[in-house]
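Noted in TrEMBL for the protein shown:
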type	residues	note
TRANSMEM	41-57	transmembrane segment
TRANSMEM	123-141	transmembrane segment
TRANSMEM	147-163	transmembrane segment
REGION	185-207	region 'Disordered'
COMPBIAS	191-207	compositional bias 'Polar residues'
Amino acid sequence: MEDEAGNEGDGYTMSDSPLARWRIEFSKSFQNYLDRSAPHLVRRWLVTLIAAVIYIYRVYYAYGFFVVSYGLATYILNLLIGFLSPKVDPELEALDPASASSESSKDSDEFKPFVRRLPEFKFWYAATKAFVVAFVMTFFSFLDVPVFWPILLCYWLFLYFLTMKRQIVHMIKYRYVPFDFRKKRYDGNDKPSSSNSPQGDENTAQT
């Protein structure tokens, strides 16, 4: 009983198979790798770019899997909208009387940092995983549904422009910018004060 309890304390039980233990160890190692890669923004997105180029070459070489590509592009667009959107929708805040009264009581010049609905780290991870999964799907012939690809391309472009137009109108209406282009200002402690700190965004992504 004591031995079994000790094993449970370590995260394992006597009934765990070697495969289950390997999955736990792999999950821990993979999570550790993700945590270590969080500060390296440029390197992470270079990996995603390489994965995208490999996938595009694969589709071009196979000349197929256009439905898979359409689903991938739509998924990336959905991630992009989440990345550009605030965590709390201002339209919903405007409809909430309690929130409106609390906002009116605050100073109008109070600084409000932009908090994304989808943090940058989660955006990168989901996009990279999507390219990898789509690449693996191109090796299954039953997923190569015959379709006239220009129709899918035109439909996706229409969906992209319509979605981005709605997003831009929403940004103008509620006066928020998902990127900080202002110069950093320093206070008496020589600490920069910026609205969007990449490190803060990454820490939010990991929680």
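Backbone N, Cα and C atoms are what each Cβ position is placed from, and that goes for glycine too.
Worth saying up front: this structure is predicted, and the values here are computed from it rather than measured.
Among residues of the same chain six or more beyond the transmembrane segment (147-163), those with a C-beta under 8 A of the stretch's C-beta atoms are 66-67, 69-70, 73-74, 77, 81. Sequence-distant contacts of the transmembrane segment (41-57), counting only residues of its own chain at least 6 positions beyond either end whose CB sits under 8 Å from a CB of the stretch, comprise 72, 120, 124, 127-128, 131-132, 134-135, 138, 198, 202.
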